[in-house]
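Q: Encoded as structure tokens, here's the structure I'll be asking about.
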Amino acid sequence: MGPYGIAPRAADDGEIHKDLGWQLNLVFWLLTSLSTIFLGLRVYCKFLRGRKLWWDDYFLIASWVSLVVSAGTTSACVTLGYGKSAVDTPLDTLPKMRLIAVFAGFFSVLAATWSKTSFGLTLLRLCQDWTKYFIWFLIITMNAIMGTAMLLMWVKCRPFAKVWDVDIDGSCIDPKKIVYMYQWSAGWSGSCDVLLALLPWTILFSMRQTLNIKERIGIAVAMSMGIVAGVASFVKMVMLPKLTGDPTETVAVTIWGGAEGSITIIAASIPVLRALIRGEKDRSTDAKFDTHDERRLNTTSLETLTASTRKTEPDQDVYIYGAYSAP
């Protein structure tokens with residue numbers, strides 16, 4: 001066996017045969033399954049506490065649906081030969097494979113975009129002053145840039161069908177220019193991940209009078225897991241030039257693209273699960289979360305975060321960020 005599970009074998013034409021399709025399916029569906037578990041627990045936590053779903057939840061659910069569609073279409077590509085060396089890819093399946101691959105890439109980027117939008121909307125409910133405008137800037141610019149990248153997947157060629165059937169007469173935008181655009185969108189997407197992950201630290205700094213430093217650090221770390229998604233974006237950005245190389249080299253790009261959306265869904269769900277675990281643990285030991293002091297802490301924390309921006313919503317997930325309130 002070669003490195004990373006690749007099994008080379010000699011061929012009459014001297015080529016080394018590779019088949020990475022099984023690896024692609026394994027990693028893609030593993031990440032999708034993990035995101036399903038975390039998102040399911042997030043929604044369960046909401047209903048358990050009598051909370052209503054809000055826009056951030058709907059965007060995250062839509063992101064998960066897009067991720068599942070991307071995983072399914074990617075698997076369909078594998079059945080048609082995606083992941084194999086060019087010499088082993090059946091020529092008669094290439095147009096169909098390319099068409100399905102465009103769908104897979106489109107929904108993969110859409111999953112990443114909507115999952116980041118979801119986390120941004122979550123922060124909007126807690127921020128105030130300049131941070132609110134800054135988050136809106138990140139959300140709008142990220143959706144615009146990522147949306148442009150998704151649009152290019154479909155309109156990069158004339159006629160339209162040449163996108164998946166290269167034998168049709170017509171013209172396409174220089175592939176290198178397309179890759180540059182994809183790299184720019186991936187880079188900005190990763191930057192947004194990092195910036196959104198760091199913002200909770202500034203929000204929690206204003207709660208230093210109501211939460212001890214250990215609690216604030218724990219909450220901030222839980223909310224900063226999006227940095228991992230940012231790393232996935234940056235890795236994908238570096239690997240994107242391989243899209244113009246051997247088909248087997250594009251598998252890693254596909255995996256990192258799917259990982260970006262999966263990790264963001266998981267990262268957005270961790271703070272909620274943290275609150276659920278802490279709440280159940282405290283309920284099983286004593287009733288300290290029912291005391292007057294705890295309720296005063298919740299009220300103070302919420303007012304600190306929202307006093308200058310909006311009225312408190314009855315279903316606001318204050319417990320997500322450490323100021324847990326029992327239903």
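Backbone N, Cα and C atoms are what each Cβ position is placed from, and that goes for glycine too.
Values in this document were obtained by computation on a predicted structure and should not be read as measured data.
What TrEMBL records for this protein is below:
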DOMAIN    41-278  domain 'Rhodopsin'
TRANSMEM  26-45  transmembrane segment
TRANSMEM  57-82  transmembrane segment
TRANSMEM  97-114  transmembrane segment
TRANSMEM  134-155  transmembrane segment
TRANSMEM  186-205  transmembrane segment
TRANSMEM  217-239  transmembrane segment
TRANSMEM  251-273  transmembrane segment
Q: Where does the mean pLDDT land for the domain 'Rhodopsin' (41-278)?
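A: That stretch averages a pLDDT of 85.
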Q: Could you check whether the transmembrane segment (251-273) packs against the transmembrane segment (134-155) - three or more CB pairs closer than 8 Å, residues at least 6 apart in sequence?
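A: Stretch pair does not touch.
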Q: What else in the chain is close to the transmembrane segment (97-114), if you only count residues 6 or more beyond its ends and a Cβ gap under 8 Å?
A: 59-60, 62-64, 66-67, 69-70, 73-74, 76-77, 80-82, 89, 142-143, 146-147, 149-150, 153-154, 163-166, 185, 189, 229, 233, 254, 257-258, 260-262, 264-265
